[in-house]
Amino acid sequence: MTSLPSSIFQGGLGDQPQSGLVPKVVEQTTRGERAYDIFSRLLKERIVFIGTPINDQIANLTVAQLLYLESEGSSQPINIYINSPGGVIYSGLGVYDTMQYVEAPISTTCVGLAASMGSVLLAGGEDGQRACLPNSRVMMHQPMGGTEGQASDIEIQAKEMAWLKKRLYQILSFHTGKDIDQIEEDADRNHWLSAEEAQEYGLVDQVMNEGNLDALKSIHANGEASDADSDEE
């Protein structure tokens, strides 16, 4: 776990390497070639991908994408794919609140790992539209952080940590239907769940098997067909 400023609390599995390489996608249209970075191309399909630890920068980018899609006025779902070890709680709560704010339904899918704050975002999707891929892992635990300074400063930060812990448990309780005391007991230490266990716990609504993966591909294929029609107009 990396050291953080005394006023910052986080929950996660530590730093992960981040690559600056972003693939480009080139499309042929009736108006010629169009080149997109891969994330812009996904955004065009109303897909937001969170694939790193959640910090202020990632949270700001995610919030901006959600607000952009909301500004389009479409009632089509926004699909958030999560592969994240967690991160800074304040940053994650900003993303969570934006997910609840936008009017378009938010679907969430765990692809690989949704740990700590990542599990909160996963659970925060629209009821019936939260999923895990079959080999995904989900992990819940209590917030972590540290501080230093005078005794009064430490007391203030301890109270803030307690508030964050309570608020996160309230959010998980709301989305899972579990009692807060049960959430607190389970999250006292790293609590790992398989995709099926996450579904049973109420963090997600389904595990994507071959059948509903085909259905998902069909939805995206129909979306691409609509885009092609609009390009020809």
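Quick reminder: no glycine exception, Cβ is built from N, Cα and C everywhere.
Features of the protein shown, as given by Swiss-Prot:
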- S116: active site, nucleophile (ACT_SITE)
- H141: active site (ACT_SITE)
Original post:
Taking the Cα atoms as reference points, how far is H141 (active site) from S116 (active site, nucleophile) in Å?
Top reply: 6
Original post:
So which one is it: of the active-site residues S116, H141, which has the fewest other Cβ atoms within 10 Å?
Top reply: H141
